[in-house]
Amino acid sequence: MEKLIEKANNLMEALPYIRRFAGKTFVIKYGGHAMSDEKLKESFALDVIMLRSLGINAVIVHGGGPQINQTLKRYGIVSQFVKGMRVTDSETMAVVEMVLVGQVNKEVVGYLNQHGGRAVGLSGKDGTLLLSKKLLQDVVGDDGTTEQVDMGYVGDVVKVNTDLLKALENGNYLPVIAPVGVGPQGESYNINADLVAGRVAAALNAEKLILLTDIEGVKDKAGQLLSSIAVADMHRLIREEAITGGMIPKVVCCADALEEGVKKAHIIDGRVEHAVLLEIFTDVGIGTEIQK
């Protein structure tokens, strides 16, 4: 009986959040270990289907770095990285597009639909969903001077075709976006999935941007998980080098999205089963909530 009462209490805890978020849009970046572990894949799919059943509009943007690395290795192509971004020549771009659009996207769509979803796979080239431009990366040399490095076919999002996403939403479909953009001449661009998720969330004026990662969330200098943090404090932690490495572009992506109208951003541990539901529908959450 006690377990049944506990389940009822859990439902009651979620009720205010269910009421608050019905009809809102969540953009979720799906990546990391959650994409490779079978149990976590099922857990993620069920979380997303639950959101949809509660009247929450979900848009998924997925990564695929490990799958790209495996395929490039199979073809004998060696990649260079600048600030964590892959320098992408035409040969590499062909592999990136093949893997992200033709393999990973279809897998994500497949297991969402297997669990009762109405997922539709898209790349940024479909309906010019992600109009893009070449990204030039600023790199500081040993002498302190800054130069711009041509990353090849690495892009940034110029415009999101929200009409396409809203049409899918109106048809009760679940968009699943591969982070491949299209340039003005029809060229393909490899775009960081976190960046795409942030741009899509801003364009849709989303209630939440949620990034699934392979760590617990944002931590302070003592290594303690921060359940909530303001953008100003986030910048301070970067200056203090409490936030370093690959976490910096993630928190900056969240800050940019908040600046452009997204209500809240979350960085959560995708290695935890039902991470999305636990973060959104419990009082404590399991990751870090970032707000202005």
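Note that Cβ sites are derived from N, Cα and C of the backbone, with glycine treated the same way.
Swiss-Prot names Gly64, Gly65, Arg86 as substrate ligands; from the candidate set Asn172, Asn190, the record adds Asn190 to that same site. Residues Gly63, Ile68, Val96, Leu100, Pro179, Ala193 surround the recorded substrate site, their Cβ atoms falling within 8 Å of the Cβ centroid of Gly64, Gly65, Arg86, Asn190, which are themselves excluded. For the binding-site residues Gly64, Gly65, the largest tally of other C-beta atoms within 10 A is found at Gly64. DSSP assigns Arg86 (substrate binding site) to a strand. Under the three-state DSSP scheme, Lys250 (site 'Transition state stabilizer') falls in the helix class. For Lys250 (site 'Transition state stabilizer') paired with Gly65 (substrate binding site), the C-alpha to C-alpha distance reads 15 Å.
Candidate binding-site residues: Gly65, Arg86, Asn190. Nearest to Lys29 (site 'Transition state stabilizer') by Cα distance: Gly65.
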